[in-house]
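Here's what TrEMBL has on this protein:
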COMPBIAS  7-16  compositional bias 'Low complexity'
DOMAIN    34-181  domain 'N-acetyltransferase'
REGION    1-25  region 'Disordered'
REGION    164-183  region 'Disordered'
């Protein structure tokens, strides 16, 4: 779900290394170790389910133009296969979050609703900044004040506001950018 297909970073976010295996830095988040790692094909359904639950919890007034099965198919055939997709994996193997990078865009960052506020979103943003050290951009819905505050806290600046005419949901959105400070 690119911009035209409805992707928005941060539907449900928290108020490492350069390779698949590298970001497996474990941390205690809510009494359970969470590892950030590259998604594999087998993770697509769990990542889509996190997206679906997160979207429903954080954006109850936003009408989703895609069915659950269409979202799952998109994750299976596009997101995990084509983009740099990361998951937050609990020590029991459950997927607690998903982050997707498309070029310099942080196109998706979603957490299981029960994992908000545990620092996983902060870790995903740190990883995104590490992976895209020259800068990042993202879109989020204007109605999503918690996500907007989250990104602003992480140094993102709002640079464009739209009426939603360029997204599937037709929901007003805002584009954010993060650029590293010059040395």
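A Cβ is built for glycine as well, from the same backbone N, Cα and C atoms used for every other residue.
Confidence for the domain 'N-acetyltransferase' (34-181), expressed as mean pLDDT, is 96. Residues of the domain 'N-acetyltransferase' (34-181) grouped by DSSP class, helix first, strand second and coil last, total 57 helix, 45 strand, 46 coil.
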